[in-house]
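Enquirer: Just dropping this structure here.
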Amino acid sequence: MNKLEAKKAIDSLTRKINAWNIEYYQENNPSVSDLEYDKALNELERLELLYPEFINENSPTKILGSFASSKFTKFTHQKPMLSLAKAYSYDEVLKYINNIEKNIPIEKINFTIEPKIDGLSIALHYKKGKLVKAVTRGNGIEGEDVTDNIIQIKSIPKTINYHNDLEVRGEVFITKEDFKKININNSFANARNAASGTLRQLDSSIVAQRNLSAFLYELINPELHGISTQFEAIQFIKKLGIPVNDFGKVVDIEELEDEIENFSEIKNTLPYDADGLVIKLNNILLWTKLGRTAKFPKHSIAFKYDVEVAQSKIEKIVATVGRTGKITYVANIEPVVLNQTTVKAATLHNHNFIKTMNINVGDNVNIIKAGEIIPKVTSLSGNKENIDFYQKNNTCPSCHSILVEYENNVDQFCINDDCDDKKINNIYHFCSRNCMDIVGLGLSTIKDFYPKIINKIQDIFTLSDKKNEILKIPRYGRLKFKNIIESIEKSKNVDFYKALFALGIKQIGQRAAKLIANEYQNFSEIISDKNLWKIEHIKTIGPKMLDSIKDFFANDKNTELALYLDTVLNYNTNKKNISTIFANKVFVISGKLSNPRDYYVSIIESNSGKVSSSVSSKTTYLLIGEDPGSKLDKAKELNVEIINEEKFNSFLK
């Protein structure tokens, strides 16, 4: 593209996107999908980066939105009311997480997730317990005062039992059921248009008739209300009688991908339109540190399910078994081009999905690909009157043992530890890039070597003894063999957390493995600590994770493998003592401090100190923040020295 073409493209995109902004923000009648809008905006941002001399003054990349309409009084937001950056694949979510990890220690990171309601953003202002102002987002800087209309929404309280100044933000929407009632004549294209159009009515009585709903999800200036996390903020708002979405919850990094997947399967069953999942850093006090762009905060992102859809015919359905034994059904389909790649297979998740969607061989289905390795079937393409779904496999497709279904779990599992496919996938996981990173031992090579050359993980480290057998296999020459052996030798110098993650313990992802590796230097230490007391204090290592670790090492074969790895691997451990200033000192921590509890535990233990959960005669210091509770009384009773955060920090100087 030459400069003339670039200028024309930038001018065209600027005009087009600004027109779309007017449709969306002022006329409440968007003509394009979010996906199409974001593609155009991303292209404009790319071109402006390459040709900054052609940036227009009214570029939509430099402003937050459209201007507020003239029907209502304008109101300037105390803090900009930003929209969220969007992700259409999990790879984009990982970029968002990686950017956070560059600025914030990993032990402080977890997230809240909540449905992205397809409605109209609103800010409510309370003074001395009374609702005094309700303002739309507008352009993010300036919105419309719609107080008279907001007070017609029954679920929004006009008074609350809280006398400090308060601003909460959220979404006004209309439920699917109420939308059907008011849209008998098809006056509105969708529920969002109905909610947005209703809220901008000059006649408040019309608003009262249409039964709008609202969820509030953001507390402005949370530190003024003693709130430090997003989850606490939601609970605080809820206690005041202000409506919130109870669907929200706190999740760890390892849980995010599964939660995104799970929500995609249930979002259409919700009583309101939800077009995505909002992911927020749970620690609100760190939001300011992350900052924002001109348009988006960096602490949150919206995962959107708007993706390119293709149709194809199912030729065959096969069941597969993964390293954990979970059964996944896969549809082999007529080849179709999706996101510029040819797709021949798509996941059907589990049999519960197949039954619910009434899917069988020969059916035409809708398929999406949003960054996943394997695309997925979302639904039938067209109507199907008869109930005719693919029948459930009762035996493992690999070892033919009877499959097990656990209570409150839609998946089927093969529990045979000698299942070939489970063993192959476990070996592959062990060798993969995020684990031992053994180049040359990919899935196809492992299948070639299984079971005669590699039957279990230990066999990897004696592969040099199998040279003659390997060289007899087609496509495996001396150079390829040499490269594999060198990669195995290189892998022996490894971060301990990677070796731990490589074992494939259920519930234990990379982040959890890193936290555990801060406390143990090898597998022998973990096995010796049967109650796992060294990690039970870590907030993000929950009871399920602890039980999973205990169950794993209760298996003799797993213990044998772990202890073997201790003999052949050289671990780069994360456990390093900075000093001995806290040697023989026992701390108890109580109350709300400026950082999470794990932060102080990490500092104390890395300086040779110990942390206890309760005050006793052996306690050296009680470190307190706000609202320390009964531990303070106990410390006074036992003459334990009580210190605040300032005193604690002085020890480290």
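Backbone N, Cα and C define each Cβ position, glycine as well.
Per TrEMBL, active site, N6-AMP-lysine intermediate is recorded for LYS116. The NAD(+) binding site annotation in TrEMBL covers ASP34, LEU35, GLU36, TYR37, ASP38, SER83, LEU84, GLU114, ARG137, GLU171, LYS280, LYS304. Look at TrEMBL and you will find CYS396, CYS399, CYS414, CYS419 tagged as Zn(2+) binding site. The annotation coiled coil is assigned in TrEMBL to 3-57. The domain 'BRCT' annotation in TrEMBL covers 577-653.
If you look at the structure here, what lies around each of the features I listed?
Expert: The C-beta environment of LYS116 (active site, N6-AMP-lysine intermediate), restricted to residues of the same chain at least 6 apart in sequence and closer than 8 Å, consists of LEU84, ALA274, ASP275, GLY276, LEU277, VAL278, ALA302, PHE303, LYS304.
Counting only same-chain residues six or more apart in sequence, none has a Cβ lying under 8 angstroms from the Cβ of GLU36 (NAD(+) binding site).
In the three-state DSSP reading, CYS414 (Zn(2+) binding site) counts as coil. In sequence order, VAL321, GLY325, ILE327, CYS396, SER398, CYS399, SER401, LEU403, VAL404, LYS422 constitute the residues six or more apart from CYS414 (Zn(2+) binding site) in its chain with CB-CB distances below 8 Å.
Mean model confidence of the domain 'BRCT' (577-653) amounts to 84 (pLDDT, 0 to 100 scale).
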Enquirer: CYS396, CYS399: which of these binding-site residues has the sparsest Cβ neighbourhood within 10 Å?
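Expert: Selected from the binding-site residues CYS396, CYS399 on minimum Cβ neighbours within 10 Å: CYS399.
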Enquirer: Please report the three-state DSSP label of GLU36 (NAD(+) binding site).
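Expert: DSSP assigns GLU36 (NAD(+) binding site) to helix.
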Enquirer: Across all chains shown, how many C-beta atoms besides its own are within 10 angstroms of the C-beta of CYS419 (Zn(2+) binding site)?
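Expert: Step by step: centre on the Cβ of CYS419 (Zn(2+) binding site), count other Cβ atoms within 10 Å, giving 21.
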Enquirer: May I ask which residues of the same chain, at least 6 positions away in sequence, place their Cβ under 8 angstroms from the Cβ of ASP38 (NAD(+) binding site)?
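Expert: Those within reach of ASP38 (NAD(+) binding site), by Cβ under 8 Å and sequence separation of 6 or more, are LYS86, TYR88.
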Enquirer: Using the alpha carbons only, what distance in Å do you get between LYS280 (NAD(+) binding site) and CYS419 (Zn(2+) binding site) once rounded?
Expert: 40
